[in-house]
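**Q** Sharing a structure, written as C-alpha cells. Questions coming.
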Amino acid sequence: MMACCLRNKRRMKGKLSWKSKKRDLSHSGNWAPEDDNDEGKIVFFGGSNYTFDLDDLLAASAEILGKGAHVTTYKVAVEDTATVVVKRLEEVVVGRREFEQQMEIVGRIRHDNVAELKAYYYSKIDKLAVYSYYSQGNLFEMLHGKLSFCIPLSMLLWYAVSKTNNSTFAGESQVPLDWESRLRIAIGAARGLAIIHEADDGKFVHGNIKSSNIFTNSKCYGCICDLGLTHITKSLPQTTLRSSGYHAPEITDTRKSTQFSDVYSFGVVLLELLTGKSPASPLSLDENMDLASWIRSVVSKEWTGEVFDNELMMQMGIEEELVEMLQIGLACVALKPQDRPHITHIVKLIQDIPTNFNL
C-alpha cells in the first residue's frame, strides 16, 4: 500500500516535546540498531486526506478515552473538522521494522466492520497508532457505562507515562440496547473478525477481542478496533488475563494468541450482550467463576432464562432468538480450542437466526 511519510523536523516550543529529556524511556520497548538514526515519522496510509503532523497532534484538543495495561487511548480533534483516535503504545517489544510490518498488514484491511488504521508514528521514545473515530462509543460503555474527561493531549501524554493505575474510568453513561441493536452489533463484529482472520494469508490474529474494542459504525453494526497491537506489545500480566474474563483458558501469553482464542473471546462478548453483565464483575460466591463458567452452571441446572438481561426479557417474542445466540456463544467458549467453531461458521450461524428485524 502506498504511504506518505511526514518527518518530524521541528520540536514544539513551550509544550511537552516527544523528545523531552524528562520522559521515562524505560518503557519504550526494544530498540533495534537500525532505529538509531530514526527521529520519528508519521506514516499515512493511501487514501487518507489528512495533512497533520506530530506537532499538530500534540497541540490538538484531546480527550482521554481509557488506559489499558500498555495502551492509552485519546480522542483528538485536528484540522478543525477531523477527529481521530490516537493510541499511545507502551511496552512495545519489537523494533521499527517489525512494528512497521505489523502496521502495514493492518493498514491494508478495509472493511465496514473493522476500524480503519489511518496512520502510525514510530520513534525511539514514542509509538502511536491513529484510527477512525466512532462517535457512539464502545460496546462496554453502552452496556455498563463509562465516564471520560477532556484536557490537552500534551498533558495527557505526560500523565500517561507516570500513571500506574490500569483501571478504566467508571461512569453512568450506559445506553439501553434492545435486541435488534445487540444483534446488529454481534453480526457486524463477527464479520469484522472474519475479515481480520483472513489477513496475512489467513494467519492474522487479533489477540484482544473484548467489548471495549467493539464500536458501532454508521449503520449501527459492530466494528472491531485495536487489531495489530497485541503482538507488538508486552504480554498482559497473568492476573489481568484471568481477571478480564475475555481470554481463553489456554492463553498464558497474549503475544501467542490464536484464532481459536479470538473465537473464545468473541464468545464472551456474545454472552456479555445476552446477559448485560461485565465478564470482569463477580458473578457468584466463587471468585474463580467467570462469565462463561457462570452461564454454563446456570444452563446445566435448566435455568436458562435466568441468564438473560432484564432489558431483553421485557421484549416480547425474542426468546427463541436469545436461546439460539446463547448456544452460539457457548460453542465459542468451549474449553478445548479445537471444539470451537471457525469464525466464518459463526457469522453464518448468527445470520441464520430467524428474526423479524430487517438486518
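Yeah, the Cβs are placed from backbone N, Cα and C, and that goes for glycine too.
Heads up, here are the entries from Swiss-Prot:
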type    : residues                                                             : note
DOMAIN  : 59-357                                                               : domain 'Protein kinase'
BINDING : Leu65, Gly66, Lys67, Gly68, Ala69, His70, Val71, Thr72, Thr73, Lys87 : ATP binding site
**Q** If you count the C-beta atoms lying within 10 Å of each candidate's C-beta, which of the binding-site residues Leu65, Ala69, Val71 ends up with the smallest number?
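**A** Ala69, out of the binding-site residues Leu65, Ala69, Val71, has the fewest neighbouring Cβ atoms within 10 Å.
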**Q** Over the span of the domain 'Protein kinase' (59-357), how high is the average pLDDT in this prediction?
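**A** Overall, the domain 'Protein kinase' (59-357) comes to a mean pLDDT of 86.
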**Q** Does Thr73 (ATP binding site) have same-chain partners at least 6 apart in sequence with Cβ under 8 Å from its own Cβ, and which are they?
**A** Ile64, Leu65, Gly66, Lys67, Val85, Val86, Lys87, Arg88
**Q** Can you name every residue in this chain, apart from Leu65, Gly66, Lys67, Gly68, Ala69, His70, Val71, Thr72, Thr73, Lys87, with its Cβ inside 8 Å of the center of the Cβ atoms of the recorded ATP site?
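**A** Near the ATP site, the remaining chain residues are Arg88.
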